[in-house]
Amino acid sequence: MQVILANPRGFCAGVDRAIDIVERALTLFGKPIYVRHEVVHNKFVVEDLRNKGAVFVEELDEVPDGATVIFSAHGVARSVVQEAERRGLRVFDATCPLVTKVHMEVDRHARRGEEVILIGHAGHPEVDGTLGQYDRSHGGEMYLVETVEDAERIQIRNPDALAYVTQTTLSVDDTLDIIETLKNRFPNIQGQKRDDICYATQNRQDAVKQLASECDLFLVVGSPNSSNSNRLREIAEKLGVEAYLVDNAGQIEDRWLEGKTRVGVTAGASAPELLVQEVVEHLRANGMNTVTEHGGTRENIVFSLPKALR
């Protein structure tokens, strides 16, 4: 019986940077350090940082005057930044640089008075933050589209001054049909730059696709509120492989392993390798004697910390 590890898997550069920002701030300024929203969507990471002195809040009114606050990797609306400035809070922005690039695109279109369609999941903090970048004072409007049906129904004012952007945790494949629908309806719609698309999301999904045909079970390490982790599980299932999302090895059920001989393992972009190795050890203890690494795209991207934390 064999365990095959997908590559790449686990932490991306944006998550690494966000965690480093919180830990560095704790080292330099001491606890408590306030973090608006979970810095990344992983229960283990959040609890670890909480134990080190991070205090997670959902809104800035929970942060005392004079405190240090960190914005999560998902990004925040302009109004949140403005409130922090008004209150004189010391702020460190852990927004993923790839999310920031999308924010800049939205701002550029807004200043031109162009309408923008955001392809993403309603209620996800990244989507809330990106929608909150759009300045309507220039006469434009921004819309959220989640499905092909939304794209077929959406009504906009000027199809010749229109652009779309996407939530970074959605891959090219995730958005393909929606974008095609928008292009058919609005031939002059402007697309986002190719390098604005999150490399990590695409690479992790491609790794699952390449590995799925070799497995009769797939385990994805990640938290239930992690968008990209859920998508990895869905991809394996669509390819006909039984798949489960687990926060840790303790959530693996014995019945899942019955009759299985080749188990694929991957991790969402916010799940640490420590949890993957615990899953591997659990599988070893259940008779999976061989562990191999599946070939995949090598990632060497590193995002720098804010100057004040270097």
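Note that Cβ sites are derived from N, Cα and C of the backbone, with glycine treated the same way.
Taken from Swiss-Prot as is:
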- GLU126: active site, proton donor (ACT_SITE)
- CYS12, CYS96, CYS198: [4Fe-4S] cluster binding site (BINDING)
- HIS41, HIS74, HIS124, SER226, SER227, ASN228, SER270: isopentenyl diphosphate binding site (BINDING)
- HIS41, HIS74, HIS124, SER226, SER227, ASN228, SER270: dimethylallyl diphosphate binding site (BINDING)
- HIS41, HIS74, HIS124, THR168, SER226, SER227, ASN228, SER270: (2E)-4-hydroxy-3-methylbut-2-enyl diphosphate binding site (BINDING)
Q. When you measure from the Cβ of THR168 ((2E)-4-hydroxy-3-methylbut-2-enyl diphosphate binding site), how many other Cβ atoms are you left with inside 10 Å?
A. 28
Q. What kind of secondary structure is THR168 ((2E)-4-hydroxy-3-methylbut-2-enyl diphosphate binding site) part of, going by DSSP in three states?
A. coil
Q | HIS74, HIS124, GLU126, SER270 filtered to the recorded positions whose C-alpha is within 10 Å of CYS12 ([4Fe-4S] cluster binding site) | A | SER270
(Q) Quick check: of the recorded positions listed here (CYS96, GLU126, THR168), which one has the Cα closest to that of HIS74 (isopentenyl diphosphate binding site)? (A) GLU126
Q.
Taking 10 A as the limit, how many CB atoms besides its own sit near the CB of CYS198 ([4Fe-4S] cluster binding site)?
A. 25
Q. How many other Cβ atoms sit within 10 Å of the Cβ of SER270 (isopentenyl diphosphate binding site)?
A. 31
Q. For the dimethylallyl diphosphate site made of HIS41, HIS74, HIS124, SER226, SER227, ASN228, SER270, how many Å separate the two farthest Cα atoms?
A. 15
